[in-house]
Amino acid sequence: METFPFSSIPNLPLFFSMFLILYSIAYSIVFRNWSPKIRPEACSCFISLFHGTPAVFLATFAIFSDQNRGFSSPNTKTQNLVLDYSIAYFLTDLLHYLIFFPTDVLFIGHHLATLFVFITCRHVVFHGSYAILTLLILAEVTSFCQNVWTLATARRHDNQLAAKVYSNLSPYFYAFYSVVRGIFGPFFLYQMGVFYSSGVADNVIPRWLWVSWMCVVITAIGVSILWISNLWVELFKEKKAKLEKEL
């Protein structure tokens, strides 16, 4: 059985340093003229752009390059590399929230829970990366649209181009996000639950751990659905108000 002990961990500080450098570039150069209130959020989006879409492609490659992939299959070296890449990103973004938004319990809790899942998969049981990376793909496939939308949202009141991007992108982003988080995410989570609850993976992934993974993912999907539902309500209110104003 192929295993990868802590001796392979140097990838993590390398990726962590990369994301710290990217954040510094964003803060000191890319968004240096932005308002101090939205500058940190923009920097968070900047590093997310370098994580989300690349992580989707890397995770997809890592999954399909493993001929023995499955919910209980051992992690391959490539899959561990992708996990390290994502761990480094979430550590950087967690640091961002602790410094600039220490009272944002929701996002801090989300990042800590996500790190728990990634780290236990990568450094504790050395199995289950097929499930975790598939969930990563489902979580990050909307990342590019979400980051562009977030940046546009932050500047829509003082920038005409941002306002136009926000207005045009919102319904498409909401629809894309709703389908991924509301249909594909729960469907894969169901498959994951059926497999692990059968007990066939208990010898490599302890029951307490996969149950913890399931709880984290169920909570994340639930919060995501609530978030996008509220955005749909706000969008309909905006459209209705605009229509009434025109009439």
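Any Cβ shown, glycine's included, is placed from N, Cα and C.
Annotation comment: TrEMBL describes 12-30 (among others) as transmembrane segment.
Under the heading domain 'TLC', TrEMBL lists 37-245.
Counting residues 6+ beyond its ends, the transmembrane segment (42-64) has Cβ neighbours under 8 Å at 19, 22-23, 25-27, 30-31, 34, 76, 78-79, 81-82, 85-86, 89, 92-93, 96-97, 129-130, 133-134, 136-137, 140-141, 143-144, 146-147, 150-151, 154 in the same chain. Under the heading transmembrane segment, TrEMBL lists 42-64 (among others).
Summarising the annotation, TrEMBL assigns transmembrane segment to 94-118 (among others). Residues 23, 40, 43-44, 83, 86-87, 132, 212-213, 216-217, 219-220, 223 of the same chain lie 6+ residues outside the transmembrane segment (94-118) yet bring a C-beta within less than 8 angstroms of a C-beta in it.
Proximity of distant same-chain residues to the transmembrane segment (130-152), defined by a Cβ-Cβ separation under 8 Å and at least 6 residues beyond the stretch ends, is recorded for 41-42, 45, 48-49, 51-53, 55-56, 59-60, 62-63, 66, 69-71, 73, 79, 82-83, 86, 117-118, 121, 162-163, 165-166, 169-170, 172-173, 176-177, 180-181, 184-185, 188-189, 192, 213, 217, 220. The transmembrane segment feature in TrEMBL is assigned to 130-152 (among others).
Below 8 angstroms of C-beta separation, residues 71-72, 131, 134-135, 138-139, 141-142, 145-146, 149, 205, 207, 210-211, 214, 217-218, 221, 224-225, 228, 231-232, 235 of the same chain, each at least six residues beyond the ends of the transmembrane segment (172-196), sit close to that stretch. Here TrEMBL flags 172-196 (among others) as transmembrane segment.
Taken from TrEMBL, the feature transmembrane segment applies to 208-228 (among others).
Note on the transmembrane segment (208-228): residues 106, 110, 113-114, 116-117, 120-121, 124-125, 128, 131-132, 135, 139, 174, 177-178, 181-182, 185-186, 189, 192-193, 196, 201 of its chain, located 6 or more positions outside it, place their CB under 8 angstroms from a CB of the stretch.
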